[in-house]
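A.B. asks: Dropping the structure in here first, questions after.
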Amino acid sequence: MAADAFLLIFGLLLTVLIVAQPLGSGLARLIEGETGTLLQKFETKTARFFALDTTEMRWQQYAAAILALNLIGIVVLFVLLMAQGNLPLNPENMPGLSWHLALNTAVSFVTNTNWQAYSGENTLSYLSQMVGLTVQNFLSAASGIAVAFALIRAFSRRCVDTLGNAWLDLLRITLYVLLPLSLLLALFFVSQGVLQNLLPYQHLTTLDGAAQTLPMGPVASQEAIKLLGTNGGGFFGANSAHPFENPTALSNIVQMLAILLIPTALCFAFGKAVSDKRQGHALLWAMALIFIVAAAVVMKMEVTGNPHLLALGADSAANLEGKETRFGVLTSSLYAVVTTATSTGAVNAMHDSFTALGGMVPLWLMQIGEVVFGGVGSGLYGMLLFVLLTVFIAGLMIGRSPEYLGKKIEVYEMKMTALAILIPPALVLLGTALALSTEAGRGGILNPGAHGFSEVLYAVSSAANNNGSAFAGLSVNTPFYNVLLAVAMLLGRFAVMVPVLAIAGSLVVKKRQPESKGSLSTRSPLFIGMLIAIVLLIGALTFIPALALGPVAEHLQFGLTH
């Protein structure tokens, strides 16, 4: 079993690294604005058609453009979901959503969270899935990558006050990266048996005479960008555990590759854009080491499972509850780590059915800000925030002015860094406290005790860190939870994005100092170790008390009870 786990983890990471390198080179060219003559003519015509201003933007203009696009997206999607009962491509006559569910869903997909307080096959029309959710999957992913592009330019440029053009970045990312990759991945999924049609649901009679309804729909096209864009919202309620979304072991492995592809490629792109590939490699080492340990722990917990089952006559103590037999314990455990280390939130097993400590690791991966690969764009700029914090602390320790890639890190950058790092944990802890201190919040808890607390903590952690996965034992389709989590998703996304762009705007105007003998090496094993330590320390100081009340207490209760 240990050998199988080793092969799964390292085989996945090795394949991702091989595939992501050429993509990273392409992304680096996009960061520098190198698109080629033919593509440049096409994007110029497209920009003219949409009347886009393609002049370079300062950070305030860049942030305003990103915020405006996302605000419009929330309004349009909200209206579409409310009105879907009166719109075409609705063969099952799905009614419009309630205002609070429509608000929650609109915010969820625009912020790249894809939290779902509904089951797609019972709630949404094909039009809502295609024109509403799938479009936002592209735009939210492009928004995150665009902000990462702006921050990378802040390090690669010097003595200018612009970060690029948000509209051109969004256009290029969508046309040259997300659409081609999604098309290829969707075709692969169709070859594996994922649905792609506009047929009405099929009503059948089984061999034993029972009635059965098989949902249909344009699944493969949404599934591709759901994974590549680290969105995670499933076409069906069971998400990637559903055989119409993830039918085979091969499709399951490819899904994990697709989730990790762009976050990994962005690290390579970062190194190439700043003319020091080892900087990108250092970030990847830090991410990969945390990922490997997290995956090993979850696999160990789920394989160990419940030893008391053996005394009851079970063939194995492994925790198979909530898992698909076509994937098994190890692959389901690895998928859980992949989807929570990134901001994806797609699931091929029910996280609520994991062991107490096995479920704690995905929860903790979200709580540290999803910087272990992270979401497309957001993972890179999230990890760079921790890099700046590490550089600052190291500078204090050795008595030197902190700098990163030749740019001095001063008071303003540290204020913005602290703000961006602390906002999501504050949202998690305050949101959980609010839910547990109100009748409306406690009313959604279906499981008493420590596990019920864990379900609330997981839900708010998932929303505030834009993940979207859930411990599904919590009843969240209520006005209280829909509004609470919508606010957490909005602030968790944009209250981090804006400080990141502010940091970029401050750094881009600075001179890039040459590296000297006294400069702190930010690509050495020592720095990688310090970076990992800072990430773990921030996570530990912030969340150990909450985790002790939830998963740890549940684990101890299990041991005492049995």
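Backbone N, Cα and C atoms are what each Cβ position is placed from, and that goes for glycine too.
Swiss-Prot lists 5-25, 63-83, 132-152, 175-195, 250-270, 279-299, 379-399, 416-436, 483-503, 526-546 with the feature transmembrane segment.
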A.B. asks: Should anything in the same chain at least six residues away from the transmembrane segment (416-436) have a Cβ under 8 Å from its Cβ atoms, list it; otherwise answer none.
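C.D. replies: That would be 367, 369, 385-386, 388-389, 392, 442, 444, 453, 456-457, 459-461, 463-465, 480-481, 484-485, 488, 491-492, 495-496, 499-500, 502-503, 506, 538, 542-543, 546.
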A.B. asks: Are there residues at least six beyond either end of the transmembrane segment (279-299) with Cβ under 8 Å to its Cβ atoms? List them, or say none.
C.D. replies: 5, 9-10, 13, 17, 24, 264, 267-272, 329-330, 333-334, 336-337, 341, 354, 357-358, 361-362, 364-365, 371-374, 379-380, 383-384, 387, 405, 522-524, 527-528, 531-532, 535-536
A.B. asks: With contact taken as 3 or more Cβ pairs under 8 angstroms (pairs 6 or more apart in sequence), are the transmembrane segment (526-546) and the transmembrane segment (132-152) in contact?
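C.D. replies: Contact absent: fewer than 3 Cβ pairs fall under 8 Å.
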A.B. asks: Give the nonlocal contacts of the transmembrane segment (250-270) in its own chain as ranges (CB under 8 Å, at least six residues past its ends).
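C.D. replies: Sequence-distant neighbours of the transmembrane segment (250-270): 12, 15-17, 19-21, 23-25, 27-28, 31, 141, 145, 148, 152, 177, 181, 185, 188-189, 192-194, 224, 227-230, 240, 277, 279-281, 283-284, 287, 327, 331, 334-335, 338-339, 342, 344, 346, 348, 373-377, 379-380.
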A.B. asks: Mind checking which residues of the chain, 6+ beyond the ends of the transmembrane segment (379-399), have their Cβ under 8 Å from one of its Cβ atoms?
C.D. replies: 147-148, 151-152, 230, 263, 266-267, 270, 283, 286-287, 342-343, 369-373, 409, 413-414, 417-418, 420-421, 496, 500, 503, 520, 522, 527, 530-531, 534-535, 538
